[in-house]
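A.B. asks: This is the structure I want to talk about, given as structure tokens.
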Amino acid sequence: MSDIALTVSILALVAVVGLFIGNVKFRGIGLGIGGVLFGGIIVGHFVSQAGMTLSSDMLHVIQEFGLILFVYTIGIQVGPGFFASLRVSGLRLNLFAVLIVIIGGLVTAILHKLFDIPLPVVLGIFSGAVTNTPALGAGQQILRDLGTPMEMVDQMGMSYAMAYPFGICGILFTMWMLRVIFRVNVETEAQQHESSRTNAGALIKTINIRVENPNRHDLAIKDVPILNGDKIICSRLKREETLKVPSPDTIIQLGDLLHLVGQPADLHNAQLVIGQEVDTSLSTKGTDLRVERVVVTNENVLGKRIRDLHFKERYDVVISRLNRAGVELVASGDISLQFGDILNLVGRPSAIDAVANVLGNAQQKLQQVQMLPVFIGIGLGVLLGSIPVFVPGFPAALKLGLAGGPLIMALILGRIGSIGKLYWFMPPSANLALRELGIVLFLSIVGLKSGGDFVNTLVNGEGLSWIGYGALITAVPLITVGILARMLAKMNYLTMCGMLAGSMTDPPALAFANNLHPTSGAAALSYATVYPLVMFLRIITPQLLAVLFWSIG
């Protein structure tokens, strides 16, 4: 059997064993995708015992490509909602994540001094305990720059391998323990997150109000200050028994009923200056109007602002709201359309059909993947991650690496949406498939590399001590911050799990958190919110610790 065939066969075996382990559940809790790591350790042990040798270069390429696929698809998924989330809750989430990094560094320093753990070993334990491969590489590089013998530098890799599996378990255990301590109902948490999903802080709502302010009588909608901006859309007007689609020039009169779409605070202000909310229905049933959801798939309208399409003037159709990657937005005229945007249209059937033709509304296109933007995004992400950042006083340049670069680039491209006819929308099913493939490849290789010497180090060496130290570095910061976040900040459980996973830059933990409620994007969003800053901190922390410990002896 050729080397390639052998490697692929071993990887397939690891995936089968690992996914089987991950599907085994105890009281509803399982390792999920994290089981692949243990499958790799098991298979790696027997591969080593059998004397088989796999190409280290090939394994390294597969491992890094798997990681790139995973973080890139995560970024594309959460990109559209990432920056809105950052404005609303990003500061709080990042503060908690930074606190986890700081506490982890303090625990590492205390263990190093108390138990006189060799510097390469403690840095490897730290990197494995926080499940951060770039931290391992950064630590090894700084040790080489400081003149540490190669045999000592290699110890960092072994201690990393010992701490890494239990680092993942520690994160999963912390999530499970916090769920038990606070008696969390995951379904309730998902509903609460969905009800509080925001765009600049508020969920989009609709109300019907009656024009009661005499100062608004016989005014055009565009002359009413609260209605002439982009914060509120007036999508329907009912006068006596006639329902119509209003335009900015439509004159409103006392007694008219207006159907308004906007954020709660803005709608409240509208009531103050126009009139009170009423229970009267402004349904289109039984009228010559209808409401329909249409998806943007026509490449010719991508990047164009809603106001520039002149749907009201040309077709007498109003866009009442816009859904982008699950985030509800007020359809203001300045919003540029992206592929996959879902628009609520109000108008006559023939007019809506005409607008749908302009927008595309080709459902089959939503199932197609444009591969060119995928590889452009991955390539740009790798380039971004390879840019060295020179910090005064550091003997080695800092980099985002193959994990941070593609993630940040994907977040940016996901937010931009499209450039010309290139669009970075990815069907959810395709995104999930690439994401799962990437994480399976990554964990399979990590497990295989750890499996050969894992048992010997565990039984005959200092492996148990290293695991214990790693468990402390993993658990103490996570449990401390998890309790603080839940008790003091009243943080949503799913959001907290994503933050904990992101603070450890741990894809398997994110996969586990996502599986707690597959239809909620809370964990992925908070993960991506803290990941960029934490990745940078995780890369420089072992370098800071190395320089600190080296200088004080």
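Every residue gets a Cβ built from N, Cα and C, even glycine.
So Swiss-Prot lists the following for this protein:
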- 4-24: transmembrane segment (TRANSMEM)
- 28-48: transmembrane segment (TRANSMEM)
- 65-85: transmembrane segment (TRANSMEM)
- 95-115: transmembrane segment (TRANSMEM)
- 158-178: transmembrane segment (TRANSMEM)
- 191-276: domain 'RCK C-terminal 1' (DOMAIN)
- 279-361: domain 'RCK C-terminal 2' (DOMAIN)
- 371-391: transmembrane segment (TRANSMEM)
- 393-413: transmembrane segment (TRANSMEM)
- 439-459: transmembrane segment (TRANSMEM)
- 464-484: transmembrane segment (TRANSMEM)
- 493-513: transmembrane segment (TRANSMEM)
- 533-553: transmembrane segment (TRANSMEM)
A.B. asks: Tell me if the transmembrane segment (439-459) touches the transmembrane segment (4-24). I count contact as 3 or more CB pairs below 8 A, with pairs 6 or more residues apart.
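C.D. replies: With 3 or more qualifying Cβ pairs, these stretches touch.
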A.B. asks: Which of 95-115, 158-178, 371-391, 493-513, 533-553 has the most Cβ pairs closer than 8 Å to the transmembrane segment (439-459)?
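C.D. replies: Most contacts with the transmembrane segment (439-459): 158-178.
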A.B. asks: Count the CB pairs under 8 A between the transmembrane segment (95-115) and each of 158-178, 371-391, 464-484, 493-513, 533-553, then give me the winner.
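C.D. replies: Stretch with maximum Cβ contacts: 464-484.
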A.B. asks: What is the three-state DSSP composition of the domain 'RCK C-terminal 2' (279-361), stated as helix, strand and coil residue counts?
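C.D. replies: Output for the domain 'RCK C-terminal 2' (279-361) reads 23 helix, 27 strand, 33 coil.
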A.B. asks: Going along the chain, which residues at least six beyond the ends of the transmembrane segment (464-484) come within the CB cut-off of under 8 Å?
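C.D. replies: For the transmembrane segment (464-484), the nonlocal Cβ contacts are 96, 99-101, 103-104, 107-108, 111, 115, 117, 121-122, 125-126, 128-130, 159, 162-163, 166-167, 170-171, 173-174, 177-178, 181, 457-458, 496, 500, 503-504.
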A.B. asks: DSSP-wise, what's the residue breakdown of the domain 'RCK C-terminal 1' (191-276) into helix, strand and coil?
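C.D. replies: The counts are 24 helix, 29 strand, 33 coil.
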A.B. asks: Do any residues, 6 or more residues outside the transmembrane segment (371-391), come within under 8 Å Cβ-to-Cβ of it, and if so which ones?
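C.D. replies: For the transmembrane segment (371-391), the sequence-distant neighbours (Cβ-Cβ under 8 Å, at least 6 residues beyond its ends) are 68-69, 72, 76, 397-410, 413, 422-424, 426, 540.
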